[in-house]
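Worksheet: one structure, shown below.
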Ligand SMILES: N[C@@H](CCC[C@H](N)C(=O)O)C(=O)O
């Protein structure tokens, strides 16, 4: 069966997108998804998404990690699927769509390649030693790390993701260096089981952990550099809860193709 797909990337976090609006998504082949995401034997991607119709929303997002398994929320994936929905003509400049963690609002730039995506409110941050643990739609571990450019993110991230606390459910592991006017972040992603060039729910978690650590109250804007580019996070923080959370960044079509 021929599969028509679109490849998108958001700050280097890359995804295969499939238009499934003509029929409901009843079953899926996890092995095929893993194979399509494989960087040697497939198209290559950190994850795969189907867009389907929904009665109450503009569309529904179904996200799978590169290991072929259903993922939790993917922030950069969310931004890319919004750009894809605009490309398909499903939406125009704004949208309300449904994802695994609930409804999301998003707005899109005129040329369609920059998306501001509203993320879930967060009111719980716990500590694991010096690190912060929180869920921004996906579970995240946030640790400070100096000389991050030369740090072994794969080995250290994997050790944390597979330690006895997290091995069963897994966690995404973010390392952050505070460079004054911006944060530099590198992430080991669960489900990809490797470092990715960017992680949207991850940088959202980092900005929140940093605001809590610095005791910043009010409307906070955070500039973040990741391996694949620049991302902006904004939210309101009252010392207990993060609201009006937006993940803002690029979402670009790379190519379209067919799998025979
Ligand atoms: N790259 C994503 C995170 C995707 C979810 C994650 N790998 C998981 O299921 O834990 C993002 O941009 O948020």
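Just so it is clear, glycine is given a Cβ too, placed from its N, Cα and C backbone atoms.
Caution: TrEMBL annotation is automatic and unverified by curators.
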* To do: Please pick, from 31, 96, 172, the residue that TrEMBL records in the substrate site together with 13, 65, 75, 76, 189, 190, 200, 201.
  => 172
* To do: Report the residues of the chain - excluding 13, 65, 75, 76, 172, 189, 190, 200, 201 - with C-beta within 8 Å of the mean position of the site's C-beta atoms, for the recorded substrate site, in sequence order.
  => 46, 47, 71, 74, 77, 138, 187, 192, 196, 198, 199, 202
* Near the Cβ of residue 13 (substrate binding site), how many other Cβ atoms are there if near means within 10 Å? -> 32
* To do: Find, for the listed recorded positions 74, 75, 190, 199, 201, the residue with the lowest Cβ contact count at a 10 Å cut-off, counting only other Cβ atoms.
  => 190
* DSSP state at residue 172 (substrate binding site), helix/strand/coil -> strand
* **Other CB atoms, at most 10 A from the CB of residue 172 (substrate binding site)** => 26
